[in-house]
Structures are given as structure tokens and as C-alpha cells.
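**Student:** Structure below; questions to follow.
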Amino acid sequence: MSTSAADTLSRPSGRAVDALRPFSLERGFTRYAEGSVLVRAGNTHVLCTASVLEKVPPFLKGRGEGWVTAEYGMLPRATHTRGDREAARGKQSGRTQEIQRLIGRSLRAVFDLRLLGERTLHLDCDVLQADGGTRCASITGAWVAAADAVALLMQRGDLAHNPIRDAVAAVSVGLVDGRAVLDLDYQEDSACAADVNVVMTGSGAFVEVQGTGEGATFTRGELDTMLGLAEGGIAQLVRAQREALQ
């Protein structure tokens, strides 16, 4: 993918079309959770914690396998204007439910739940500050928090084998001003003609592709270009995950 001056200067951030936002993972961010990570993707900041619960949902009792699930939420002032807490409204929005199910599915895709035993790994992803890509940052950070929780279980002797089979990470891609771009911030996300969230494993397999035309359509060729950008971006994110765990 070209990184010419034209490619760079036309993005609000000045990034090349194939460039991620500045990205970091800060492990051990909170004291009590078995795993905790503050993930920063540009101005999107998400706190991901992993809690080990010595129980499983009723549908898994007695089956000798575990469960990985997730919850997602945004602080009231994570965005430009204050939003009410969903607890105060008495119910979760459809968006929240969709995102937390996506996070759970993405993590379960790389777990051998039989090796986890009859326990639950509960991931909480709380958006401290949102500037686009919160669900993708949540998945990428939650995997590191989960890895730390599993490492603690193995250190304690509660697990004989590591149930994590592969890494998993996610990134957004989209069409902005007729071009495919990687890792959209809020300004780009608000103006894009297509928005695609891509979840992949460290070995390069797809877990999920969520793509939507935003008042427009996109071609197979444009989708292929966006997926190519996503593959490159996720490879970088997986490297960052593995480096953070060293």
C-alpha cells in the first residue's frame, strides 16, 4: 500500500492509509483482577479486566468445561457529551449487547474450553475515552488480560495446560473519500462510506467480519482491499500483544 504524501496528508490525523494509531498495552493496571490491561489506540482508551470465577453457567454444569464471557460499557463522559449510565436507565442498549457478545465470541474462538475446567473467565471492558474503534480495542486488550489471568491460574497449579490456543485481535477499516483506510478514528468513522470491523487470530484466520455500507455501497474489490489492510494491522497488533506479555 502506498504511503505517498497524498495518502498521508488527506487523513485528519496525518497517518498513511495503512497506519495504525499509536498503540499501547499497559498490564497490571488494576490491583485486584487476575488480569488487567489499559489499552490505548490513539485517543481511545479502554480498561480490560479478566476475573476468574469458580463456576460456569447452568447449561455447562457437569460437562467438565469452562466458559469465557464479556461485558462492555462506557463511562458517562467517555464521549464529547455526557451519556447516562445504562444502569441508571435500567437496561443495556442493543449496541452494548452486540459488542459484548462480539468480545466473548472472539475470545472463545481461541480458547480450548475443556482445558479451562469448570470455571468462567469473565472479561470486563470499560471505555474510559472513546475516539472510534472501542470494540476492536476491547478485543485486543481483553486477550492480553485473559492471558495474564490464565498465567496466574497455571502458576497456582489450577491449570495443567494452557487453554489459549492462539492470539486474537481486532481492527476497523473503512472507505473514506473513496479510499480504504486502516484504524478509523471518530472523525473518519463519522464520514466513512463503509465501516468494517475485522477480528483475526494470530495465525491469520478470520474470526468475524462486520461490514456495513454507511449510506453507500462497496465493491468486492474494495472489500478485498479493506481486508488486506486489516490483515496487516492485526499482524502489528498481535506483535504488540506478544511483546507486552514478554
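Any Cβ shown, glycine's included, is placed from N, Cα and C.
Pulled the feature table from Swiss-Prot, pasting it below:
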BINDING   Arg95, Gly133, Thr134, Arg135  phosphate binding site
**Student:** Using the centroid of the Cβ atoms of Arg95, Gly133, Thr134, Arg135 as reference, list every other same-chain residue with Cβ within 8 Å of it (recorded phosphate site), in sequence order.
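**Tutor:** Everything else in range on the chain: Tyr72, Ile99, Val127, Ala130, Gly132, Cys136, Ala137, Ser138, Asn197.
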**Student:** Give the sequence-ordered list of residues that share a chain with Gly133 (phosphate binding site), lie 6 or more positions from it, and have CB atoms under 8 Å from its CB.
**Tutor:** Arg21, Ala41, Gly42, Thr44, Val171, Ser172, Asp183, Leu184, Asp185, Asp189
**Student:** Let me make sure I understand the structure: which of the binding-site residues listed (Arg95, Arg135) has the fewest other Cβ atoms within 10 A of its Cβ?
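**Tutor:** Counting other Cβ atoms within 10 Å of each of the binding-site residues Arg95, Arg135, the minimum falls on Arg95.
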**Student:** Within the chain of Thr134 (phosphate binding site), which residues six or more apart in sequence place their C-beta under 8 angstroms from its C-beta?
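**Tutor:** The list for Thr134 (phosphate binding site) reads Thr44, Val46, Met74, Ile99, Val127, given in order along the sequence.
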